[in-house]
Amino acid sequence: MEKMTLDEIINILDGNVVNYKENIVVNGVSTDTRTINEGDLFVALKGENFNGNKFVSKAVENGAICAIVSEPVESDIPYILVNNTLFALGKIAAYYKSKFNIPFIAVTGSVGKTSTKEVISSVLSKNFNVHKTDKNFNNEIGLPHTLFNLKHGHEVSVLEMGMNNFHEIERLSEIAKPNIGVITNIGTAHIENLGSKEGILKAKMEITTFFDKDSILIVNGDDELLKTVGDMHYKIIKLSINNLGDYNAFDVIDYGEEGIEFKIIYKGSEETIKVNSPGVYNVYNALAAIAIADILGMRIEDMKEGIADFAPCGMRMNVKTLKDGIKIIADCYNANPESMKASLSVLNSFKGNKKIAVLGDMFELGDYSETGHREVGIDIRNKANVLIAIGENSKYIYDEAKDYIESRYFLKKEEAQIYLRNILEPGDIALVKASRGMKLETVIDYITKDTERGN
């Protein structure tokens, strides 16, 4: 973070200043006393199960030079008393962001936000010094921290925006005010809170709340709802593999584990693009990166190189090769019916022995939960040889699949991982996927360690 003064912060917040001192320079902003650095501003967030106001003394002990609080505290350092510290955090981040005259790109969508953000960043990094969201810092706390990492020298920023309900992306957009927005797709994630896919579309479109006539929205032109978006005061760019967009992919070849290849017509010439990561959905991610790179004036050769360099991160479509050629597709960061079906298609595209799908519950589907799980059960019938269903709602997946493929159901993952270990044979491929709350990465850890021991 570039330095800010306490006076700057006082001027943008509507609060009462206590213990004011002149010439205070803030080196960083922290909301966690465990990671605070010398010279930081401590923002005391308050929630249902925590109260940062009670940790101001600890923050000072660890180096905080001033604080923002929502309750009076006993402290000698300067602090600003405000009604809502979370809102104050956002206002400071918005002010700090305004110091940087660079393109800001924001990515949202039901599925694929992080991978799309990473592909865009990989491509742009060939020509620019890129600032981007780290991990999944994509909410009202994470986005400000991401913006505080901006430094002079950054030439473009790629931000991820997540949400659980209405007005959340609107608030993030108020903070970041992106020039370019990307909506990957409209699925059923968070439908429990938003009521319908139309509600989800409305929430995702909040990314355009602060757009002006020069702003650009990039959407999946093949998406059932996004393809209807049009006639706005800003420019809309659509991506397609069905020749329905402004950037169109054709002759798509799925090489399974080796990735995807497709062609585009770019400035009158036919170009071949290679994505070294599995999943046809990566075509849309790559098209989004190409569209943005084109807007920013990059050469197609640099775009190709950036796309080829992209690799999935963390627990998202991460392929692990174990002893005897056994492969584990770790894709257990999150799940909804659309991402489940996409991951099953990836499993189906792999070459090997048995194809095993280890699937857990999908959360936040509300009244759509049974239907969504049953849809996955139907989809798996011709994409896997074996199903291992885990969790209460995954019983619906099992019910739809059991008469078509070898299927087992377990309420607890500890029993499921033992069964998986016992049926794994050389050359098998196992997809492990569920909502984050299922924590199926422990199944992967168990199988990985057990296989390495040669059991």
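Just so you know, glycine gets a Cβ as well, placed from its N, Cα and C.
TrEMBL does not curate its annotations; it predicts them automatically.
Worth saying up front: this structure is predicted, and the values here are computed from it rather than measured.
Pulled from TrEMBL, these are the features on record:
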type    : residues                                               : note
DOMAIN  : 26-76                                                  : domain 'Mur ligase N-terminal catalytic'
DOMAIN  : 107-293                                                : domain 'Mur ligase central'
BINDING : Gly109, Ser110, Val111, Gly112, Lys113, Thr114, Ser115 : ATP binding site
DOMAIN  : 315-436                                                : domain 'Mur ligase C-terminal'
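If you take every residue in the domain 'Mur ligase C-terminal' (315-436) and average the pLDDT, you get 95. DSSP labels the residues of the domain 'Mur ligase N-terminal catalytic' (26-76) in these numbers: 10 helix, 14 strand, 27 coil.
DSSP labels the residues of the domain 'Mur ligase C-terminal' (315-436) in these numbers: 52 helix, 29 strand, 41 coil. Taking the mean position of the Cβ atoms of Gly109, Ser110, Val111, Gly112, Lys113, Thr114, Ser115 as the ATP site, the remaining same-chain residues with a Cβ inside 8 Å of that point are Val107, Thr116, Thr184, Asn185, Ser339. Look at Ser115 (ATP binding site): DSSP puts it in a helix.
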